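Per Swiss-Prot, these features apply:
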type: TRANSMEM; residues: 27-47; note: transmembrane segment
type: TRANSMEM; residues: 53-73; note: transmembrane segment
type: TRANSMEM; residues: 80-100; note: transmembrane segment
type: TRANSMEM; residues: 102-122; note: transmembrane segment
type: TRANSMEM; residues: 177-197; note: transmembrane segment
type: TRANSMEM; residues: 206-226; note: transmembrane segment
type: TRANSMEM; residues: 239-259; note: transmembrane segment
type: TRANSMEM; residues: 267-285; note: transmembrane segment
type: TRANSMEM; residues: 295-317; note: transmembrane segment
type: TRANSMEM; residues: 324-344; note: transmembrane segment
type: TRANSMEM; residues: 372-394; note: transmembrane segment
type: TRANSMEM; residues: 414-434; note: transmembrane segment
Amino acid sequence: MVKSLAISLIALIIMKNLNVSIIGLSVLTILSMGAASVATGGVELNGLYSTDFVMGLMITLTLFVAILSYLSSAKVSRKASFNLMVISISLILVMSFSVSSFFLFFFFFESVLAPLLLLIVGWGYQPERLQAGGYMVIYTVFGSLFFLWGVSELYLSGMSSSMSSVGSLVKKSAMSLWWLYILGFLIKLPMYPFHLWLPKAHVEAPVAGSMLLAGVVLKLGGYGLLRFMLVMQVSLSSVFFVLLLSVNLAGGFYAGLACVRQVDLKCLVAYSSVAHMSLVLLGVLSNTLLGVMGAIIIMVGHGLCSSGLFSYVNAIYKMSHSRLLVMNKGGXLFCPVLVLMCFLLSSSNMAAPPSLNLFGEILVFGVGGXXSXAFLFILGLMSFISACFSLYLYGSCSHGKGLMHSESLNLSSLCDVFVLLSHWVPLNFLFMFMP
């Protein structure tokens, strides 16, 4: 299955027709959904590839977001090159989620930066996109070197490079620097205060780059951390572990506060990603069944919700030619359908029922409360501030008197509404298929 997906994606790279690529990705998404529903147990193939439910879920999310990013970029320039970049990112992400070796995972983990950087630099809006791309590369490459060092150290200490290895076979001295080994994942998530590259990359990236970055690329950090922590023997009561969780939750709350004072729509959605991914980090680091389940659910829910919000920002940018909140007021007057979709996605972003975010946050809140009452208090504050900045986003764009004359609803806007609806429907109905 994995080889077939890879070959099909390579074939789509060769094709220059955007419509053919969309149809091909749609077929691959349906096949991946079938694989995700069947592969409930873990199976390792040839020592290189593995298949399980999480892998199938992440691959399905990758292809689904790639399709919607295509639809949101119907009027992009240099379509052949754009097609090459997006399919290349999708192929590398599929391979990242499929491999069973930490060394191969590191290779694809870093390889995704190349087409993503070209997408930002080649189709970005402002001259500052070069600086944003430099920030992204420096941050992620620097952190990933520690992960490579950690995997090499564990391999030399007796553990194989397979993700199904047993960490208890490794010397405890090799495990002592586990917090340094996971630095690359913390940057990719990103965890506060390693998040500075993310708002810059989002602001300068085209809509497809923002959708893929927020929807899938950030999930590489959570997925890699999940696989790595399963083989690590980390004491949950250690002082450094508690300190890491405390900084993570405090940073998530501070990122939520930063959302409320943003004036740029893309920055607001980018900082909301930092706040939500801190919950993923808490669930994964708890190393419990409920925590890991909650983290996976939040990753899928956030992937759909954040991608949809970036698509919404692009839709109103095409009409008002500005990302500033003050320039996009009064949306309910000129495009009530888009405002309705903004409300639906904002409500899902604040974990309103029946969105996936609600079920994931309930599980993570339970794990956090079992660990410490102080953690539960901070999680409550994070939930409150999440509702605040989600309502702030909706209220700022829907009410008030607009300062610019915006274009009326046209065929392009109808396509944007379809893309937004395609994000919202699985986000609020996938709970019926949860195991």
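Placed from the backbone N, Cα and C atoms, the Cβ positions cover glycine too.
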Item checked: For the transmembrane segment (324-344), distant same-chain residues with Cβ under 8 A (at least six beyond the ends) -> 262-265, 268, 308, 312, 315-316, 393-394, 396-404, 406, 408-409, 413, 416-417, 420-421, 424, 428
Check: What stretch of 206-226, 267-285, 372-394 shows the most Cβ pairs under 8 Å to the transmembrane segment (295-317)?
Finding: 206-226
Check: Between the transmembrane segment (177-197) and the transmembrane segment (206-226), are there at least three Cβ pairs closer than 8 Å, leaving out pairs fewer than 6 positions apart?
Finding: yes
Checklist line | Proximity verdict for the transmembrane segment (206-226) and the transmembrane segment (267-285), three or more C-beta pairs under 8 Å | finding: yes
Margin query: Using Cβ atoms and a strict cutoff of less than 8 Å, what residues sit near the transmembrane segment (239-259) while being 6 or more residues removed from its termini?
Written below: 179, 191-193, 195, 268, 271-272, 274-279, 281-282, 285, 368, 371-372, 375, 378-379, 381-382, 385-386, 388-389, 392
